[in-house]
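Summarising the annotation, TrEMBL assigns domain 'DDH' to 17-158. The domain 'DHHA1' annotation in TrEMBL covers 241-311.
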Amino acid sequence: MPYYEQAADALAAATSVAVIGHVRPDADAIGSVCATVGALRQLGKEAVGLIGQADPFAANLLTIPGAEEVQLADHLPDVDLIVTVDCGSIDRAGTLAGAIAARAEDTVVIDHHSSNSGFGRVNLLDFDAESTTIVLGRLFEIMGITLDPPIAHALYAGLLTDTGSFRWGSPAMHTFAAELMSTGLDVRGIAVDLLDSGSVADLRMIGRALASVEVHEAGEHRVALIIADHALVQTGSLPAVEGLVDFVRSLDGTTLGAVFKETVPGVWHVSLRSNDIDVSRIAVALGGGGHVPAAGFTFRGTAAETTEALLGELRRQ
Ligand code: 5GP
Ligand code: MN
């Protein structure tokens with residue numbers, strides 16, 4: 001077991017804890033923050049959830065119990081323990097990265113990203129786990145945490161979304177889902193909140209993005225690429241923009257899919273997906289990280305320069 005006991009001991013010894021999820025959070029990040037804060041409070045500890053960015057995160061994540069309390073922050077409160085959840089590398093803590101680096105000895109890292117090399121004193125890294133919330137489920141069992149409905153909801157949110165709605169993963173993900181559901185979760189409602197709801201404006205944005213898909217060749221690879229520039233990104237909600245990549249995951253005749261999202265003019269968040277190749281290697285080479293089938297990186301430049309960077313790396317690998 002990869003450092004579960006050590007992480008449980010570190011959390012048990014703390015009296016006040018800052019729990020930090022990654023920037024541009026998804027449901028696994030916010031679900032992990034909320035579940036961890038809830039578990040720590042159950043043990044009578046002071047706990048606060050933080051995201052190191054100034055911009056609000058996707059509104060649909062506010063359906064996760066406790067998410068409305070998660071603070072956007074650029075400094076750490078006065079706490080004796082720092083816990084990062086779902087942060088594959090320290091830079092994913094955003095504006096809190098420097099403060100965490102300065103207190104690595106007081107930091108517990110809990111994550112499932114295979115590119116995570118561990119940046120805390122205790123690094124609970126379980127690369128077989130489908131979501132960080134699965135890692136937390138195992139940890140909470142050791143810690144004797146009761147899975148009450150809010151904690152179960154938060155854990156389920158990460159499990160549902162990081163498994164692509166249970167499309168990939170081990171038998172354990174279903175066992176864990178069953179355990180969480182037994183607390184009385186409205187799983188249909190959670191799926192609507194996190195995955196199915198959307199606006200007409202989102203649908204139009206998706207339509208324009210999909211109409212622009214192009215296939216590029218690079219060495220032995222063929223990549224399906226969607227470029228969503230700043231003007232287009234601004235017409236859709238964050239979850240709709242983040243969902244674009246699901247359309248190019250496994251198109252016929254391609255080895256991978258990519259979506260370039262220009263969230264700030266000249267700054268591109270690139271999402272990579274593949275069922276055939278290890279996209280985390282490509283993302284790491286370009287300064288990012290992630291998992292074998294799903295990874296990402298950030299690139300500064302024009303769309304053409306970002307394309308050339310990706311195709312160049314694909315030719316090399
Ligand atoms: P997404 O494409 O959904 O943004 O990210 C896919 C996976 O890659 C996620 O697990 C995410 O944490 C990781 N990832 C995305 N962008 C970055 C990045 O810039 N740096 C790192 N280290 N990981 C990233
Ligand atoms: Mn995750």
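From the backbone N, Cα and C atoms, a Cβ is placed for every residue, glycine too.
Taking H, G and I as helix, E and B as strand and the rest as coil, DSSP gives the domain 'DDH' (17-158) the counts 62 helix, 27 strand, 53 coil. When averaged over the domain 'DDH' (17-158), pLDDT in the model lands at 98. Helix, strand and coil counts under DSSP for the domain 'DHHA1' (241-311) come to 24 helix, 25 strand, 22 coil.
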